[in-house]
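Some features that TrEMBL has for this protein:
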- 38-57: region 'Disordered' (REGION)
- 38-49: compositional bias 'Polar residues' (COMPBIAS)
- 152-317: domain 'PNPLA' (DOMAIN)
- 185-189: motif 'GXSXG' (MOTIF)
- S187: active site, nucleophile (ACT_SITE)
- D303: active site, proton acceptor (ACT_SITE)
Amino acid sequence: MASLFISHTLFPSKSRLFRGLTLYPHRHGFASFTNCSKNNNNLTTPPSQDQDKKLPSSKEKLSFAAATGELFLGIASKLIKNRLNNEDSTSLVFLRPRKRINESEVENNGNNDKERIGLVMKDEIEPEVIWEQRVKDIEAENERRVVTSPGFSFSGGGFLLPYHLGVAQFLIEKGYIQETTPLAGSSAGAIVCAVIASGATMDLALKVAKILADDCRRKGTALRLGAVLRDLLNEYLPPDSHTRCNGRIRVAITQILWRPRGLLVDQFDSREDLINAVITSSFIPGYVAARPAAIFRNRLCLDGGLTFFMPPTSASKTVRVCAFPASRMGVEGIGISPDCNPENRVTGRELFSWAREPADEENFERLFELGYLDAAVWGEQNPVEDIVVDESPLVENGSRM
């Protein structure tokens, strides 16, 4: 959902904000295979509707959401620009080693020993990015053996969720994504990762996405998206979805106090904990809920796309999947995006518009097909037998599918 407020500055201004968000993960170990790009423009805005007389109309809600998003955007922009001013121009291809913080820096929250933070990993390149693990999470990770490479990272995308589902359909169908393939995502990308790892079909996921989009078209998006999304995830995710996701997916979250920093969550205590992580990763004030921030594990948090627009996976190589045209964002190294396919005629303006509010039914379903076709073009240039390797065998321990 990070795109919901980011896109306000992309057209017509030439803001560097999105560039900051997308270049940042590129510094954290993504392997680009064969990539391509093109440019898109034009604007198509789906109509809003007035429905419930007891609530503000959809049009009024959209105005409120836009105002809230732009206020939030101003704050986020300052944070990101400060980070950009301190960065050098070096871009990285592989994940750099992370170093363990001194024991004096390790947090103990007073709960039982297994619940305390046992390891804090600080990124050597960008110290504000933190990856924390509880003691019980470390033990669970030690019982696993890694994985099938490459992993796949899904960007934020708002209501472009069907695009990611179409990409996932191709990757699963052709054997790029297997049961041992690591996944990572922020916002809409985190939803897709949870769906894939839980074992749901992409057809079912598209059906649920249509229910979400239809509800938001009729009743509006602002202040209520999170509640609708939670109800759908509770209804359709299987009871053991958290077990299937543990250690396989990484959900990106931005902690905002006392200073913004990125967090990656890869262990979940329950299905509710998994759902909370996914919704927190999508949290934009004014869209998801009326609150200024989400509370996740006693931390104030916002959309993960602020710090990890396409987070790294646990595999040695990661292919990035972006629902937006990479060329419009000035970022390189994206594996699958609308730039991959010369036959993809959807414009950048349409995509950014449909990210904020769901497209009409025909175009919403069309996004699924476009994602599949873009992934197919990438697949032609990156045959599965050439890039998919087993890095080590999987040990059955109940934490995977």
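For all residues, glycine too, the Cβ spot is worked out from N, Cα and C.
Note that the structure is a prediction, hence the values are computed from the model and not measured.
When the Cα atoms are compared, S187 (active site, nucleophile) and the residue listed as 'active site, proton acceptor' turn out to be 6 Å apart.
With a cut-off of 8 Å between Cβ atoms, the residues of this chain six or more beyond the motif 'GXSXG' (185-189) that come close are 1-3, 153-161, 164, 249-252, 281-282, 303-305, 308-311, 321, 323. Looking only at the domain 'PNPLA' (152-317), the predicted model's pLDDT averages out at 94. Break the motif 'GXSXG' (185-189) down by DSSP state and the numbers are 2 helix, 1 strand, 2 coil.
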